[in-house]
Amino acid sequence: MSMSDGPKPLQTSKSAQGTAEAESHGVPPGSSAAVARPRRTFGAWSDKWREMPRTKQWLVLLPVVVLAFLLPLMDIPLITTEPGNDWPLACQAMAIFALVAVGLNIVIGYAGLLDLGYIAFFAVGSYTAAMLTSPDSAFIKIPYLWTIPVAIAVSMFVGVLLGLPTLRLRGDYLAIVTLGFGEIVRILATLIPAMKGQPGFQNVGHPPGVGDDGVPVFANNNGTPWYWLTLVILIIILFLVGNMERSRVGRAWIAIREDEDAAETMGVPTFKYKVWAFALGAGVGGLAGAIMGGQVGFVNNQKFDVVTSILFVAAVVLGGSGNKVGAIVGGALVAYIPLRFTAIAEYKFLIFGVALIIIMIYRAQGLVPARQRLLAYGTKAYADVKRKYGKASHRADTTPQSTAEGASS
Amino acid sequence: MTLLEMKNVSVHYGRIEAIHDMSFTVEEGEIVSLIGANGAGKTTTMKTISGLLNPSGGSIKFMDEDITKMKAHIRVVQGISQAPEGRGIFPAMTVLENLDMGTFGRKDRSGVSDDLERVFTLFPRLKEREKQFGGTMSGGEQQMLAIGRALMSRPKLLLLDEPSMGLAPQFIRQIFKIITEINGQGTTVLLVEQNANQALARAHRAFVLETGAITHSGTGKELLANPAIKEAYLGVG
């Protein structure tokens, strides 16, 4: 280290030794490459991605989005699910699971709150859509598309209602309480007469529009339009979640996830932000539930069991807790695999269980690991400092790099 | 001026009393040390001042304002900042991001870069490692980061919970030197330590904590010279 001028009160033998060690491996000590990270295949991509300007990111994303929209129309051999399962409907299932995973990722991935009863919000959304559109329901009827914002609002309200008393708990205790809540909603659906238990609600509404042949565009068995609708909603949600992730709120969540007490002593109102994470996650869950209810056209108490709830958690963990792209990958995979390989569908819980164990051993961060970014003003402050230091002594940045290269060559 | 005043404060964990009827003050500009053995209630005292624990009795005043019931995240804005025991680094954030978290409660964005520069001047090592993840740093570096992060909120009172824990002896001297430097820049410091020697030598005043109560108090030098304390905490006598 050629820190010849300026104060250097902490150049002890211990720290010097650490530097020597880093240099002998040929890694610049100031760079993130000094961090030992196993299997950086995806990490390298995401590093490159982050360095791209925003406009370039959009250009790269465009073909991906176009491809995603064309997905149900393409019958790619080996990938498609025909003839056993309808491919467009499989795409729709993948999109729904991806949406659920993105929502649950806010709660588990960002804020670190292990919610095992996320299915409850999904159920609340489904029931909201069903009870406001199905002829079996005694409630007032509204057009299906209007039930989507109502479903979001109702599930967010339920999220806050559940969050206020339970978010004072931490870790395992919270997981147990949410697990209970997941069951409570299902049992309430059985017990409350207005929710009609197992007979459930038939002919749940769908968006308007009738094709040339007189069949509704959004028929239950017509996956493609439903998939497109879900995909548009998913993209909107991703955009909102992405902005939130980069904001102060996102940083607060990450801090809470990493160390709640430390976050509180940094000035983060932890309880408030935890309730927010819970409510926003619930809102996305309710939204996914409402779409699912409309697409299937039938909602009863049999669909919202704890096992499905665990499957949601598996999707998030599999994809990469804390990364929204990971959540989409995880959600889509969890939906896709049993539909594609119908022969093993019966064993899906066994397979996902084994997959999770393998992931935990070899790639604990999930398929697409998370990485956080600086707050905008943090970056700005950093740039200011860099400018101040930079002119007087830019060696602080350049020297470690060059010495490291010297050592490695 | 009295910055912090603890008056007859008691703290319970369930039915167990961890702090009993504790009273002491911290004056502006001082370094005050709390020393004591394991389980004496040092960390409990710190957590009570920072607001992570609620006292079951007594009152806490900060700059003549009663903060007994104030939430921890608001106390930071008021000017109490803590570098917690075990450092409390955010492992998946880089050094710079960790420091940035320290500014979370701040209202003025303009002073942030000045404080960042101050931290980097105190700890040049942090600047070298600014892009490294907090969780991958050595214990000493994490301790620097914890102190630096606490300074980023520009506190009036800096709480340091065992800054020397788990560090090499040479490193301990460095940390204490920097604590004195921080104090010289106008920040009042309250620190708890098991390393009584350094803690007493650097402190203006000090208190000895035994099973949740203060048993001795005086200037750092007085306590260093006290035979009973020498025997119990300094390993001589």
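Any Cβ shown, glycine's included, is placed from N, Cα and C.
Feature list (source: TrEMBL):
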REGION    A:1-35  region 'Disordered'
TRANSMEM  A:58-81  transmembrane segment
TRANSMEM  A:87-108  transmembrane segment
TRANSMEM  A:113-132  transmembrane segment
TRANSMEM  A:144-164  transmembrane segment
TRANSMEM  A:173-195  transmembrane segment
TRANSMEM  A:226-244  transmembrane segment
TRANSMEM  A:275-298  transmembrane segment
TRANSMEM  A:310-337  transmembrane segment
TRANSMEM  A:349-368  transmembrane segment
REGION    A:390-409  region 'Disordered'
COMPBIAS  A:398-409  compositional bias 'Polar residues'
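Count of Cβ pairs under 8 Å against the transmembrane segment (A:173-195): among A:58-81, A:87-108, A:113-132, A:226-244, A:275-298, the largest is for A:113-132.
The highest tally of CB pairs under 8 A with the transmembrane segment (A:226-244), across A:58-81, A:87-108, A:144-164, A:275-298, A:310-337, is held by A:87-108. Within its own chain, the transmembrane segment (A:275-298) is flanked in space by residues 92, 96, 99-100, 102-104, 106-107, 110-111, 113, 115, 118, 121-130, 133, 144, 147-148, 151-156, 158-160, 162-164, 167, 200-207, 218, 220, 226, 229-230, 233, 237, 244, 249, 253, which lie at least six positions past its ends and keep a Cβ under 8 Å from the stretch.
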